[in-house]
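Undergrad: The structure that follows is given in the form of C-alpha cells.
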Amino acid sequence: MNVIAGSLRGLDIRAEIDRLRKERNAVILAHYYQEPALQDIADFVGDSLDLSRKAAATDADVIAFCGVRFMAETAKILSPDKIVVLPDMNAGCSLEDSCPPDQFKAFREAHPHHIALTYINCSAEVKALSDIIVTSSSAETILAQIPQDQKIIFGPDKNLGGWLARKTGRDMLLWPGVCIVHEAFSETELLKLKAQHPGAPVLAHPECPPHILDHADHVGSTKAILDEALKSDSETIIVATEPHIMHQMEKAAPHKQFIGAPGADGNCNCNMCPYMALNSMEKLYVALRDLQPRIEMDEQLRLRARTSLDRMLEMAGRTVGQGDVGRPVFAGA
Ligand code: 13P
Ligand code: SF4
C-alpha cells in the first residue's frame, strides 16, 4: 500500500470525492487512458479535443483533471479564473519531453517561412511558440483549412505528422518526437493476433508508428476509436492504443470481445501509459480536499499559449461559449 493510500485507510474514498466535488463546486474531467475508477467517477470522459471544450465551457469553480499535465495546463489556459488541480503533478508525457521549448524555438527560427502546427501533447511554452494547436481528432479538419502552398512544421509527434502527411499528401517538416506507449506495439505480435482472429478489425491511434498503422482498418483519436468499436458489426475488435480505453468499450458493448494489441513480448504492460497511471482515486481525493497540486501559470505565457489554442477551437468547427464563428480559411499566424 502506498503512503497516501495508507494514511487514508478507513475512508470511503468514493463518497468523500462525491462530498468534496459538491462542496467545492468542482467538475471532474477524465481522459480515456485513466484507470476505470477514475473514468467512472468523472463528470465527463473524453479525448483531448472534447476535454478542452469541456474545460473552456464549464461554470464550475474547480476543474479536477484526471489526465496528464499538458491537459490540465490546457484547461488552465482556457479557464484562467478556475482552480485547476491535477492529482499527480508528475503526470507528464513523453511527447512533451521530446520537445524542449528552447530547441523548438531555434527550429522555428531556422524555418522562418513555416507556420507551426503543433499537437496539443506539448508544454504551454511550446503552445506559446506555435501558430495553431491540433488534436488527433481535429488535425485533418484544421490542415484542410491551411493553404496548400503554406509551409508547415508539425511537432512534436512524428507518427501523427507522418500519418497526416500520407493521408493528405501534404509535405510537412516533422519534429522527431514519439509517444513511448504507442511505439511499444509489436508488428509481429499484431500479425499473429490478426491470424488468430481473422476478420477482426484493427483500430489504431495515429500516435502508432507506420508499421502498425499499415495494418489498421481504422485510424483515429481515442473518441473515434471508441465510436468505431461500438458501431462495427464485428464481435471481436483489436485495439491499438492505451488499453484503459477498453473500459468504455466493455461497458457499452459487453457482448463484444475487445483485444489490446500486444507489445514486443506479446503480454507486457508496456502499452499502459506510465504517466496517466500516476493518478489514483486517493490522489484525486487529496487534490479535491487540499486544492493541490494546482496548475499555476505566468499570465503572459498563458495569453500567448491561448492564441494557438483558440485557433484550434475555432478551426475545429466551434468556439466554445460564443457559438460557431467559422474560420474556413487560415488567416495567417
Ligand atoms: P486523444 O484522446 O485526443 O486521441 O489523445 C490521445 C493521447 O495520447 C493523449 O495523451
Ligand atoms: Fe503522452 Fe503517450 Fe501517455 Fe498520451 S499515451 S500521455 S501521448 S505518453
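Yeah, the Cβs are placed from backbone N, Cα and C, and that goes for glycine too.
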Undergrad: To which of SER136, SER138, SER186 does TrEMBL also attribute binding of iminosuccinate at the site defined by HIS31, SER48, TYR119, ILE120, ASN121, HIS205, PRO206, GLU207, THR222?
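TA: According to TrEMBL, the candidate sharing the iminosuccinate site with HIS31, SER48, TYR119, ILE120, ASN121, HIS205, PRO206, GLU207, THR222 is SER136.
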Undergrad: Which binding-site residues out of HIS31, CYS93, ASN121, CYS179, HIS205, CYS273 lie by ligand 2, going by a Cβ under 6 Å?
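TA: With ligand 2 as the reference and 6 Å as the Cβ limit, the list reads CYS93, ASN121, CYS179, CYS273.
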Undergrad: Sort TYR119 (iminosuccinate binding site) into helix, strand or coil using the DSSP assignment.
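TA: It is in a strand.
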Undergrad: Could you give the Cα-Cα distance between CYS93 ([4Fe-4S] cluster binding site) and ASN121 (iminosuccinate binding site), in whole Å?
TA: 7
